[in-house]
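One structure is given here, and the rest of the page talks about it.
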């Protein structure tokens, strides 16, 4: 059991881990082998769990670098097979994608067993024995992927549940405010030694299980690592670009070299547990346009700003925006668009069904402004990556196009 929270924090990733090594292919082969071997356990799990409480079973996902995943798998899959046997869980690692060094580790089983598995995963990454954590144990940052609709339950009213889990586990929890590209996943970062992660994941799992029945109709769109959606590569930070300067109510918290956000004194508790990584220099430039130079990577050549989308969308007016040329395609940016007032209802849909579908499919946040007297257009504000906002614009345009065609067809029938 963890008695006190360690002050020294280990970075979640290092630029050195991006370098290709000669044994990378063998590591990737070992990781891919895990998914194949795990299929053999499916029937055993089904037959052995007939009398079990199915409601106590949970799926949890961890986003990590390939180097960390290879340590969890071990030589010829020995380490991960041992963890699965000792915890009676199913553990899979996402497929290898050429040029992508992120992996998602999937853990399924009874809540208490999944929590035990995460404790052992931390020990595997830190090259530690299975003994209880002590003063020599190293802390690790574990990035859990949590669907957006569950994050509010984990945070609780004014951060109460998050604070409670921290007190019970001695781990530090930080919830990402933004959904990851092309998904509705958010990152919940857990920082602590193996026993702290074990306890924290147990209470997180219990919170999800308790709230699952009332959220069963919510759709989860999982984050999948890809060349255009790398989160941990190059010490990735989710910058937000405000062309006209940062709003006065926007909290811009600096981030330490270890990837741990620095808390702002006097901030509300819930905001304290949401990270808004920004360069320290931005703290003194809130009145100026905030345009941050992000790390360059190979996927930038695939990111087209807004030119192509403007030409193809006839039903959406897109004002000119500052050029994002040379900036990371992972930047989270606000994009204003305008649509005809008479199509707003169709874009929203009955009970907000259509707009919710667009949000879930793209990972964008969408705000529809109130109508303005004398104007025939309505302003929408989309917040997301360039790729996500372009996709949302396309979906909005297609929805309007379908509505327009239906209206024309109905008029022809009447005539």
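Just so it is clear, glycine is given a Cβ too, placed from its N, Cα and C backbone atoms.
Note: TrEMBL annotation is automatic and uncurated.
The structure displayed is predicted, hence computed values, not measured ones.
The domain 'K Homology' annotation in TrEMBL covers 56-126 (among others).
Per TrEMBL, the feature domain 'K Homology' maps to 138-209 (among others). Note: the domain 'K Homology' (138-209) comprises 37 helix, 20 strand, 15 coil (DSSP; helix = H, G, I, strand = E, B).
TrEMBL lists 331-401 (among others) with the feature domain 'K Homology'. In terms of DSSP secondary structure, the domain 'K Homology' (331-401) contains 37 helix, 21 strand, 13 coil.
Among the features that TrEMBL reports, region 'Disordered' is placed at 1-25.
Sorting each residue of the domain 'K Homology' (56-126) by its DSSP state yields 37 helix, 22 strand, 12 coil.
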